[in-house]
Amino acid sequence: MRFKQVFGQEFKLVTPGIRPQGSEAGDQRRIMTPEQALSAGVDYMVIGRPVTQSVDPAQTLKAINASLQRSA
């Protein structure tokens, strides 16, 4: 991770535009799945509309968490 090499491990990476696999990009130009963000070393993922506009936000969060657990 280039930023962490330059700024040190204490530097926190916050990444917007996180979309679960199969989600529409919406108005985001560059997106990552939660799994891609995890493997890229992101510290904080901004996952907005895929959760807030979900029919079942709690279930969406559970599915995202499960996918992260599988890829960890």
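Using N, Cα and C of the backbone, Cβ positions are placed for all residues, glycine too.
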| Which one of Arg19, Arg70 goes with Gln28, Gly48, Arg49 at the substrate site, as TrEMBL has it? | Arg19
| note | Lowest 10 Å Cβ neighbour count of the binding-site residues Arg19, Arg49 is held by Arg49
| Check: same-chain CB within 8 A of substrate site center, minus Arg19, Gln28, Gly48, Arg49 | Pro16, Gly17, Ile18, Ser23, Ala25, Gly26, Ile31, Val46, Ile47, Pro50
| task | Using only the residues recorded as binding substrate (Arg19, Gln28, Gly48, Arg49), report the maximum Cα-Cα distance in Å, whole number please. | result | 11
